[in-house]
Amino acid sequence: MTDHLRQFLGRAGFAFFTALIGAIFALPLVWFLFAPFNSRAELGLAIPEPFSLSNFRQVLENSFAIRALGNSLIQSVGGTLLVALAATLASYALSRSPLPGKRAVTYVLLLFSSVVSGSAAMVPIFLMITRAGIIDTHLSVILVFAGGLLPTAMFILRDFIDGIPRSYEESAMVAGASPVQAFFDVALPVIRPGVVVVVVWAFVNIWGSFLIPFILLRSAEKMPASVAIYSFYSEAGTPIVTLLAAYALLYSLPVVLLYLFVSWKFGFRFFGGIKA
Amino acid sequence: MASVKFENVTKRFGGFTATEGLDFEVGDGEFVCLLGPSGCGKTTTLRMMAGLETPSEGKVWIGERDVTRVHPKDRGISMVFQDYALYPHMALADNIAYPLKVRGQPRPERHAEAQRVADVLQIGHLLDRMPAQISGGQQQRTSLARALVTPSDVYLFDEPLSNLDAKLRLDARGFLNHLQRDMGITAVYVTHDQAEAMALATRIAVMDRGRIVQYAPPLEIYRRPATTFVANFVGNPPMNLIEAEARIEGGQLHLQAPGLHLAPLPVPAALATRAPGRLTLGVRPEHLALAAPGAANRIEGRLFANENMGPETLVTVTRTEGEARLTARIFTDEAPRLSGAVAFGFEARHLHLFDAEGLRVPGDGE
C-alpha cells in the first residue's frame, strides 16, 4: 500500500511541478492577450474591467506606427520571396549538380552568414549600402536580410533535396521533359514542404529584426514596426504600457496568421518518397 | 521500335571503372536482360542507354542515330525505375499521363489514353488515387503504365520487380512476358535475378565487373556457360564446380578429385595440343541423381543438408572435410531417407569443362 501511496505522491508532485512551470511561461502570454483590451493596463496581470478597445483606437491614431506595419510587410515579404527563390534554385543546383567542392561552398557560406547578419559586420555593411547609393531604401533592408539568411536557407533546403530520390526528375526527363520542366512539374512540388519551412523561418526572422532596419533606414516613413514600436515610449524612455500592449498584439498578428495559413494549407507535412 | 548499339563504351566514375569496352547490340524487337551481381555495371549500362549517364568513351546508338550526347527526352525511350519514381503529388491518372502532358496533349485526351493503358494493366479503377494510397504491386503497374502510355523505340527496365514480394513478382513477370509477346517491343531489362532473366529474355548479357562475359539466348547460357562465373550465376541452385587434376593418357582425358569416380573421357580438341593441368568440372544439380552402387560415373560425399522443396529435394553433400560441397536436385518421390555416405551419378554428356582461367573448354558437337 505504501508503494502505491509513494507512487501517487510522486506523480502528483511531478504534475504540480510541471503545471507550475507551465503557468510561469503562460503568464506573459495571458498578459499579452489581456493588456491590450485594458485601458488601465499595467505590468501586472489583470482582467480587463471594463473590456475596452480604447488602446487600439489610440494606436490607430499614431500614423507612423501604422505605416510601419506596412513597411514591415514590404520588407519581410520582399526579403522572404528573395530568400525562398534564390535558396530553392541554389540548393537544387548544389544538390543535383556534380560540382566539385559544393559541400565546402555551403559550409563556408554558412560560416560567413553568421557574420553578415550579426552586428560585427554592421559597419562594412553600412558603408557598402551607402556606396551602392541605396541607403534609406526598402531594397537595402531586403538585400541585407537576403544575404544573411540565404546560406542557412540553402543549407536547410539542400539537405531536404538531397533526401529526395533523383529518379523523380530522371523519370520526368525520360518521359520527355526538359530539365526546367522536370524541375517545375516534379521536383518543385516535392520540395515544396521544405520551401515552406524556409519561407516561414525567413519571414519570422525579418519581421522581428530591429538592428538592420534601424541602421539602414533614416526616414520615418520607411521604418518597420520593430523600430516603430519605440514610439510608444515616453521621452524619458518609460513604456506607455497600454499602447505598447495593443501595438504588440497587432505586430504579432501577421506571424500568427502566417503559421495558421501554412498549417492549414500545407500542414507542415512532408511527402515522403514512395517505396514498396 | 529500334535497335540499340554500344560501341566500345567505357564509363568511369572518378577512379572507378563501372563498365569497360562494352560492345554489343540489341536487335529490333529483342528483349535483352542485363544480368549480374550488384556492382557489375548493369544499371550504369542501362542509364547510358537512357542518357542519364554519359559514357567516358565510346558511342551509343539507337536505331541509325548516334545518341551518345543526346538528352534523355530526345531519345525516344521509356523507362521503368526500380523505386517506380511515381510523383507523390499527382493522382495516378496524371502520373500515367505525364509523358503525354509533356508532349502537349490536352487534358481530356491524355486522360482517356491513361485510362486505356490503365485498363489493360488492371488499375483502371484507381486512377483518382494518389500513389501513396495504393499497394506496391499497383504502384509497379502504374510505373509500367506510364512507360507504355507513349510509343517508344526502346523500353528500359531497371530491376522493376525487385521491390515486390515473391508471389507478386511471379505475376508481374508473367505479365511482362505476355506484354513482350503481344507488343513485340524492344526492351532492355536489368536484373540480378537469373530466373527473371531466363523467363523474360530473348537474349541475356551476363555481366561481371563492368564487362559482358557472355551474350546469348537463355538456353545457350544455361547449356553452354562461357565461364565458371556464368555457370555459377545462372541456374538455381548454381552449377556444381569441382576442381580436378587432369592428365591425358592413352588418348583419353583422366580427371581426379576427392570423391570423384569418372570414366576416362575423349580428349576435347582444344586440349589436344596442350597439357591440361588443372581443370574445373561443372555439373548442374538437376543432372545429378542418386547413384546405383558401382555406377561408372559418380561423386561421393557425406550428407550435409537435405532440403525438401515440395516436388523436389535439394541434397547437399561434402566431398572432403571443409567446404567442397555439392548439391543435387532430385524428385522428392525418388528420395529415400538419406544419411551418412551418399553417391550421385551423372551422365558424361552433362559435364562442363573449364580451364584454369575459368573459360569453357568446348566439347564435342559445339
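Even glycines carry a Cβ here, placed using N, Cα and C.
The following features are taken from TrEMBL:
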type	residues	note
TRANSMEM	A:12-34	transmembrane segment
DOMAIN	A:69-262	domain 'ABC transmembrane type-1'
TRANSMEM	A:73-94	transmembrane segment
TRANSMEM	A:106-127	transmembrane segment
TRANSMEM	A:139-157	transmembrane segment
TRANSMEM	A:195-216	transmembrane segment
TRANSMEM	A:236-262	transmembrane segment
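The stretch from A:73-94, A:195-216, A:236-262 with the most CB pairs below 8 A to the transmembrane segment (A:12-34) is A:236-262.
Same-chain residues lying 6 or more positions outside the transmembrane segment (A:139-157) and placing a CB less than 8 Å from one of its CB atoms are 75, 78-79, 82-84, 86-88, 90-92, 94, 106, 109-110, 112-113, 116-117, 125, 129, 132, 191, 194-195, 197-198, 201-202, 205-206, 209, 212-213, 216-217, 224. Distant neighbours of the transmembrane segment (A:73-94): 102, 105-106, 138-139, 141-143, 145-146, 149-150, 153-158, 160-161, 183, 187-188, 191, 195, 198-199, 202-203, 206-207, 213, 224, 254; these residues of the same chain sit at least 6 beyond its ends, with a Cβ under 8 Å from one of its Cβ atoms.
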